[in-house]
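J.: Quick one: the structure is below, questions incoming.
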Amino acid sequence: MSDPLKMAAETEEIKPVPAAMGEKKDVVLCKKIVETLGGGGDQRVLLVGEAGIGKTRMAQMVDKEASKDVLCYQTLWLHLNRKFKVNDNYIKEKKFEDEWSLYENIASQLSLYSDFEETEVGERDEDEEEEKKVEDLLKDLKPKIEKYLLEKKEAVVKKLEDDKKKKEKEAAEKLEAEKKLVDPAAKKAKDHGNKNPTDAAKEKTTQVVAGGEDKAQTSSERKPYLLLILDDEGMTSEYEVMVHLGLEDFLKDHTPRKILITRRQETEEATKSGEHAEGEANDSQSGEKKEDTDGEDEIRSADKEEPESQARVKTEEKHEKVVPPTIDDLWGSTNTYGEITFQTTNESQDLLESFNLKEAEALFTSSMFFKDMPNFFFDPVPGTDEKLLNHMLKKSKSLPAAINVLAKSLEYTVKSKSYKLNKDEEERLLKEKIEMVLSAERGNPSDQESSSESPKKASGENPILLLAYKLFKTDGPLKDTILDCFWHSLDFFEHCGCVYYRDLITQWILEGYFDPVRSVEKAYQDGHSIFMELIDRGMLKIQENNVVVPEMAMRNVIDPRRGGHLGKSRLGFSRVYGGNKRKGIGKITQLDDMIKTVQAKKGDKITTILVSGDRLRRVTPKKFFKNLKELEVLGLFEPTVKPFVPSFSDQLKLLRVLIIRDCDLLKSIEELKALTKLNTLEVSGASSLSKISEKFFESFPELRSLHLSGLKIESSPPSISGLKELHCLIIKDCPLLQDLPNIQELVNLEVVDVSGASGLRTCFDNADGAKKNKSKNKNFYLLTKLQHLDFSGSQIERLPIFQDSAVAAKLHSLTRLLLRNCSKLRRLPSLKPLSGLQILDLSGTTSLVEMLEVCFEDKLELKTLNLSGTNLSELATTIEDLSSLNELLLRDCINLDAIPNIEKLENLEVIDVSGSAKLAKIEGSFEKMFYLRVVDLSGTQVETPELPADTKIHCLKRFTRADGKCFERDTWREIKEDIERDRSENASSSDAVVISQEITEKKPVEIREVESNAPRASDCTEKVDVNKERLLKVPIDRALYQKALTSLVDSKIPQEEVLEINETNKLDEEALASAEFVSFVDCTPERVKSIFEKAKLVKGCWLRMCFDIKDPFDGVDEENLKSLETLSITNLLSLETISFIAKLENLKNLSLDCCPKIKTIFPEMPASLPVLNLKHCENLEKVVVGVEVSTHTNLDLKVENCPKFGDYVMVDHSDVPPPHEC
């Protein structure tokens, strides 16, 4: 037989093994892989495919099955979802850190430790206290591993030899016994042709193989073997581990070699393209055996992904061993390094086919959720006879990870306190959510360009993974912080790989998800709470030694939030860190209200500290920093001691990351120029900082992330233009800022956010005369990595262009272009190059009068188009090409008179043109828009269009007619019947006219004059309330407006004492600080929060037509609301609850009017609220869950037109319109 070590093998073709009766396909495949690996020679099996198909799950099954093979004496797991720096410099400079990490991980699997580790700190000599060289540690550890593995191998060899001798002896004895029974004469004749008994026994035993069947090689061909599992190859390749880190040479005595490799499909394609990852990994271990979880630990993704669902392996010829193999060689059917040539078998296709409905059912029913599953899972899906459970499992697209994540998310949901407290209602909402998400699945787009540029989007969102995401609850104390942490985790792991769990929580704090941080300990506890929820939901998976990886199948879900992950992160630290542990934060712990570096032994240096101002006040800053000269990462939250910058700037010369957050006392940062090694700098909330010198940033050539916000600077230092390594540039909420640096050649930029710069009038050069740089920020076509661009709230008149006539390349990476409330923006450049846009927000750009036809071309991924409040008189006809569009928002477009044909936009879910007073026509029919949920024509002149003929998405549909009348039903067929019935009866329309006349007669003359100049109401609720939003937008006499406002708020309060607030008006800081009465109109939640951060003496608050607010005081410090006595809320269509209002001891009067979504007002009943007025809240059921309001005898409760309210006897007013007309 030829020596397998010298023979160049071809790819082995394995015939499918027939399944045993009732045996699942994945079990059959597992046995097939073990049989292949256990065959003769060096074997290598590949499992390649997209995230979530069960590659790691199959590897775990193989590990368990291989342990039954007597010839497999050891399995070693190496998780390659981390970065090893193993390039030529690594070898040349003899750096052993990553090699140590690798062998330390192997030793931990074998329960082996170095002598140094086994020695207690107190028992070490002084010489040992000095850091022992990693090279010496390796010399100590490697022999232990070698000895252990050889002993395991020798034990198996000895057992095989003993078994062989035993069988030979038994065969000989059996043969001898048979001889005695044979006739002597016949025996004598037969003996001449027979071998001796021992030889006969040997010949017979060679037919025995492990498992007892002659289906593989004989025992003489099969040898004891070590199984090496390389899981989630990508961040580091097989070749890097085996050759550069020396594992091949280290295992030279353990042949034949058996290797099982799992690899994400897009990682394979990226590696073939030469996208070789460099950088050092974090300190977490990556070689330990993985916990028994479904899905797989997959980290790395490349910018360009393979659109096919299956991976293929090319066959390459054997290369000479003296020539280092290329990247392509690593993925061939043979892989050669050292003296070994592998037979490679690709089982990727069989893996895809091994998980179907039967396996999905088995996996789901084995989950903990199955026993607590609500009964409605066995109800039929509307319109079919199929049970909801079966229908749901079919939607998994054969992804084990999807089943696993959904089962865990459902289990977490039904075991939550809120679910148990109101089980019936929560169960109903859960069922509705499941039916809605499953029914909203779209078909895959057929456009080839879309598929090639973005296969993730082209393949469509997996409805099961999307459902798991939709199950996140954002109504708890931390609100939507869990969403920030979830999206950050996915992004972080793609750039950096696996991470220790404490490091991950610290990353969340650094990114600002728990701001304001008054206590680092409290922020860490909140982070740990979210971390555990993500673990429980299956979104994060924890390996041994608390190393964390995400469920990367969740990358299939597209972030639906307006700003996305990059819009919510302060640093984009993963772009700075990149998996290089020298640029990370190191191993940390939370202790004494600080987060700092773990000190494993005496004298270990501290390189990271995060500390709040409260904790810092306990010490003298200069003394505190004196002993921290090795510090590299420093986070200061709300520091209140001064002057604190000089206390560390002259000592911390090694600082790489500096965060100074929410420091009102900071007036200058010039001393920071001494910190020349900075790669990350944040100075935010420093309201006293008014100037940064022009050359300031010349001191930081390595800066990769810069965050300046909440400052009073008027000019941005031009030296920012020289930061060639910059990835994230955030200069937001600087209202006095008048210019920007020239950033058009900073080709590494991924985030540019200058939102809230209300004084910024141009992004070009604002200098005069000869000094003017006419090319400054003229063209962004070089910023090919840019993903997020936000100019919201600025006063810029024009944008840079995004293309060059000589370059045809597209800026496909840009997913969000946000220009909300850029009120001076007059026109847009061609947006055609921005082919990857998902969200385009131009709302509130009141000067925008024109959009080029090409702006909507090549926008196959655009999900949300918001043109509300613009002055566009027409839309480009190319709008019909936005095939992926889900939301079309054209509210208050007062000059728009027609919308071109949108009939092809069959993925639309929301069409809102409310308040567009001149709009009279929408071309095309809505008949084929089967996913449509909301149509709002109120305040327009549009006739009722042809509504969808069928309904695919299962949820409540809402149609608001031009006259403001609302129709809500489960299907469009029912809504059409209601509309037809309403037309024939003509009753509701006549009632509305009478009511309108009655209300008009009661209004002051001044208000009627104002309304006569305003457009039609933008929502059905505006029939019974003056549209103050329109009052703010119509140019009318100021005195007339003041009189009207007095009637709207409270005639008893002098108008000059009421501070009027909308989304964009400028407010005097001193007036805001002393304001006692505030009136909000059309404000975002962020605007309300920012006001209450400064206004702390408010007694009366009126909120009107703030359409996006779910909780008016979300994120507001309750201490700032202690003085509140009167709260009036009108026309808040999204209002769902009012947080911690029960703690407002001075609240005397609360009014809710036209808030259709709210069902329960308070989490708990206020102790001393005397007056509560409720009007036109059509879904309001309770004031407090589980508490009857009638038991509160001191409460003066008035209820009008709240049909579902059951706590109190309602007041019936004949002159109030029905709830659906409010």
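From the backbone N, Cα and C atoms, a Cβ is placed for every residue, glycine too.
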J.: Identify the region 'Disordered' range according to Swiss-Prot, selecting from 116-170, 171-225.
T.: 171-225
J.: Which of the listed residues, Thr271, Thr293, has Swiss-Prot annotated as phosphothreonine?
T.: Thr293
J.: Cβ under 8 Å, sequence separation of at least 6 from the ends of the repeat 'LRR 7' (836-856): give me the contacting residues as numbers and ranges.
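T.: Same-chain contacts beyond the ends: 453-454, 558, 562, 564, 792, 797, 810-830, 862-873, 875-879, 881-882, 889, 891, 895, 1033, 1063-1064.
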J.: By a Cβ-Cβ criterion of under 8 Å, what residues six or more beyond either terminus of the repeat 'LRR 9' (884-906) are in contact with it?
T.: 445, 457, 843, 849, 860-877, 912-931, 1015, 1018, 1029, 1033
J.: Give the residue counts of the repeat 'LRR 8' (861-883) per reduced DSSP state, in the order helix, strand, coil.
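T.: Counts, helix then strand then coil: 5 helix, 3 strand, 15 coil.
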J.: If I take every residue in the repeat 'LRR 8' (861-883) and average their pLDDT values, what number comes out?
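T.: Summing pLDDT over the repeat 'LRR 8' (861-883) and dividing by its length gives 94.
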J.: Using DSSP, tally how many residues of the repeat 'LRR 7' (836-856) sit in helix, strand and coil.
T.: 4 helix, 4 strand, 13 coil
